[in-house]
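Everything below concerns the one structure shown next.
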Amino acid sequence: MQILLANPRGFCAGVDRAISIVERAIEMYGAPIYVRHEVVHNRYVVESLCERGAIFIEEISEVPDGSILIFSAHGVSQAVRAEARSRNLTMLFDATCPLVTKVHMEVARASRKGKEAILIGHAGHPEVEGTMGQYSNPNGGMYLVESPDDVWQLNVKDENNLCFMTQTTLSVDDTSAVIDALNTRFPKIVGPRKDDICYATTNRQEAVRNLANDADIVLVVGSKNSSNSNRLAELVQRMGKPAYLIDSAADIQEFWLQGAQCIGVTAGASAPDILVQQVIARLKDLGAGESIELSGREENIVFEVPKELRVEVKQID
């Protein structure tokens, strides 16, 4: 069996920044450090940070007075931000991905101008909850759609004063279909100046598409609650190839590999490379040969941590 590795795969700049913020806060201020929601959607990362002194909570009320709080990479609503600022906290750091913040600013701008806004996204995802929570104009409207069917059923106040934006981790193909429906249903709707789906999501979907062309099966390293990891597995499955979303090498089932000559491996944007290396080692134990990395788009984007946290610390592998 041959192992093919997608390129690019794994950590994106927003995830790197978010994890670094938690690591550096622990290093500078000591444990415990409170984080609202999982800083990124990866079990290994969350467990590793817990071992170092991070405490993950869902409600601001769970944070004791005088503590240090960090918002996750997915962002928070205006209401959550205001609640945190009203508390007697020592420090408050925001690990929201800058590309998510860009979408937040689009929604806030629409709210100020009185435009109705439509968000393409998955209900219940923390990024969607945070983005929807940027809209506060009582005379306007903020709506969530997930599919073309949602668009056809949507009723708005003023079809001539509409804009749309998207969750950053969606399927490029699925989103395109929803945007087509929006443009047909509401001809005067205005979209973002630049695509809201982030570079890392787009690049990893392109890379896994190339990978699936050559692989018999594809293993996607990522947690079940990771939106971008799920989209990678779905893309492969739509191409007619089996794809399995796994948290770690221990999840691999030998029968998946029966008859496969070429096994593709990729990782979602919140999955660290150490998990990919463990998957490769497991596949070799099961008889696979050396791994070969495909060519792909080079990524050089770096997002800086807050200036208060710019110290050298040991990072998660």
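In case you wondered, yes, glycine gets a Cβ from its N, Cα and C as well.
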*asked:* Per Swiss-Prot, which of CYS163, CYS198 sits in the [4Fe-4S] cluster site along with CYS12, CYS97?
replied: CYS198
*asked:* Around the isopentenyl diphosphate site formed by HIS41, HIS74, HIS125, SER226, SER227, ASN228, SER270, which additional residues qualify by having Cβ within 8 Å of the site's Cβ center?
replied: VAL40, GLU127, THR169, ASN225, SER229, GLY268, ALA269
*Kindly assign SER227 (dimethylallyl diphosphate binding site) to one of the three DSSP-derived states: helix, strand or coil.*
helix
*Ranking the binding-site residues THR168, SER270 by other Cβ atoms within 10 Å, which is at the bottom?*
THR168
_Looking at the recorded positions listed here (CYS12, CYS97, GLU127, THR168, CYS198), whose Cα lies nearest to that of SER270 (dimethylallyl diphosphate binding site)?_
CYS12
*With HIS74 (dimethylallyl diphosphate binding site) as the reference Cα, tell me which of the recorded positions CYS12, CYS97, GLU127 is the closest one.*
GLU127
